[in-house]
Amino acid sequence: MGYSKTLVAGLFAMLLLAPAVLATDPDPLQDFCVADLDGKAVSVNGHTCKPMSEAGDDFLFSSKLAKAGNTSTPNGSAVTELDVAEWPGTNTLGVSMNRVDFAPGGTNPPHIHPRATEIGIVMKGELLVGILGSLDSGNKLYSRVVRAGETFLIPRGLMHFQFNVGKTEASMVVSFNSQNPGIVFVPLTLFGSNPPIPTPVLTKALRVEARVVELLKSKFAAGF
């Protein structure tokens with residue numbers, strides 16, 4: 001009986017601790033682990049480390065976000081990523097950043113970061129930021145026009161978007177609590193997957209005719 005109580009208590013404690021343990025990237029076990037992006041070793045969480053003698057002296061600094069991206073794109077926006085693939089020094093540290101630039105009327109389409117919470121600051125202009133709650137929170141849209149110097153927060157896994165409502169260019173910088181937050185662009189995922197989602201699945205799910213689905217697929221055949 002005593003053993004059973006101990007086992008139940010132990011399982012309960014594990015359940016309480018599990019969300020905290022799985023909430024972000026694993027904790028690092030050394031000060032620096034500069035990613036060996038050319039390494040052949042298979043990695044599960046993070047990359048293998050370069051010897052510090054080969055890491056150089058610039059792995060703690062980057063100027064990649066200093067320059068605006070080219071917003072002459074179908075979405076009228078440009079994302080400059082600064083994750084572990086672009087900044088190997090972030091390996092095992094559980095952080096990354098992006099810069100997003102917007103032309104007037106440009107958008108960062110509805111998307112999801114499956115592995116990270118996001119916090120951002122608008123650097124220039126005015127952006128409509130929208131966050132979609134899950135079904136159990138009423139599928140509610142939380143939105144606000146966020147101006148230069150103001151911030152926003154997006155919980156991990158929630159769909160969200162940004163749209164430049166101003167008449168001038170806009171930009172924002174966002175940070176993630178993961179070295180590789182991942183991204184799922186909803187329109188591209190639905191209509192540009194490889195191989196494609198069968199049209200009957202989408203016609204039933206979206207309650208539209210097949211010709212509408214085929215039209216949307218043609219828009220995303222070449223990606224974003």
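Positions of Cβ are set from backbone N, Cα and C atoms, glycine also.
As given in Swiss-Prot:
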type	residues	note
SIGNAL	1-23	signal peptide
DISULFID	C33-C49	disulfide bond
DOMAIN	63-214	domain 'Cupin type-1'
CARBOHYD	N70	N-linked glycosylation site
CARBOHYD	N75	N-linked glycosylation site
BINDING	H111, H113, E118, H160	Mn(2+) binding site
For the recorded Mn(2+) site formed by H111, H113, E118, H160, which further same-chain residues have Cβ atoms within 8 Å of the site's Cβ center?
I112, I154, L158, M159, P181, I183
If you draw a 10 Å sphere around the Cβ of N75 (N-linked glycosylation site), how many other Cβ atoms fall inside it, taking every protein chain shown into account?
18
Nearest-integer angstrom distance between the alpha carbons (Cα) of C49 (disulfide bond) and H113 (Mn(2+) binding site):
25
Which one is it: of the recorded positions C33, H111, H113, E118, H160, whose Cα lies the shortest distance from the Cα of N75 (N-linked glycosylation site)?
H111
Measure the Cβ-based neighbour count of E118 (Mn(2+) binding site), defined as the other Cβ atoms within 10 Å of its Cβ.
20
Who sits close to H160 (Mn(2+) binding site): which same-chain residues at least 6 apart have their Cβ under 8 Å from its Cβ?
P110, H111, I112, E118, V129, G130, I131, L132, I154
Cα distance, C33 (disulfide bond) to H113 (Mn(2+) binding site), nearest Å?
24
